[in-house]
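Below you'll find the structure, written out as structure tokens, and then a few comments.
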Amino acid sequence: AKTFDQLTPEESKERLGKIVSKIDEDKDGFVTVEELKDWIKFAQKRWIYEDVERQWKGHDLNEDGLISWEEYKNATYGYILDDPDPDDGFNYKQMMVRDERRFKMADKDGDLTATKEEFTAFLHPEEYDYMKDIVVQETMEDIDKNGDGFIDLEEYIGDMYSHDGDADEPEWVKTEREQFVEFRDKNRDGKMDKEETKDWILPSDYDHAEAEARHLVYESDQNKDGKLTKEEIVEKYDLFVGSQATDFGEALVRHDE
């Protein structure tokens, strides 16, 4: 975001215009919801693979094309393990236990060594079906403050909103309370179990990229023909800069674009 702030609106529009021609796959001068959805998925995947490449270099210390749990642990937590009594050591130990559990889950063949694909599943578990349970488990552990294995209404709200002494809750928080009661807590027992949490964070019938694409087209489509011209997109450049379509501005500051 900082880098993007340094671009003038003119530069932003010019760069965004160049990306539009890449999004328009069939080169007919229009960007459809489908083309935008494909582009957003591509942008997301590219970010993931670049992240994996960057981390791979820092962790495959013996450069054998594999990362063992020991290698990862030493590269990530080595300096903490060397200090038997660091001030904040407790949190790191907890993080390490959690990382090890996730590493073992990502490591399909159980040899405690990750291939590039397994390492990608470890770093980005939300992208892999076989990692979904661990994503749900970690989310529940983060939000379930009283440790009863469920997420109750106050824990659910507390994850998104901190009162900070405000007597009146904003409207969106009230809406979230209603959402919890009406939709999240399906069996109406006042709390979300594992299945209900999974439906919330990994809904099977919801495609993030498609939702984002539809939102962008709806907001930018001035003549309401269901597709976007380059002019319509550039006109709404500030919307696109905050969107997954430009990786939240990332793609606009890259030289390769």
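Backbone N, Cα and C define each Cβ position, glycine as well.
The feature domain 'EF-hand' is assigned by TrEMBL to 11-46, 47-82, 94-129, 131-166, 208-243.
When Cβ-Cβ distances below 8 Å are used as the criterion, the domain 'EF-hand' (208-243) is approached by residues 4, 9, 12-13, 16-17, 20-21, 29-34, 36-37, 40-41, 44, 249, 252 of the same chain, each at least six residues removed from its ends. For the domain 'EF-hand' (208-243), DSSP puts the residue distribution at 24 helix, 1 strand, 11 coil.
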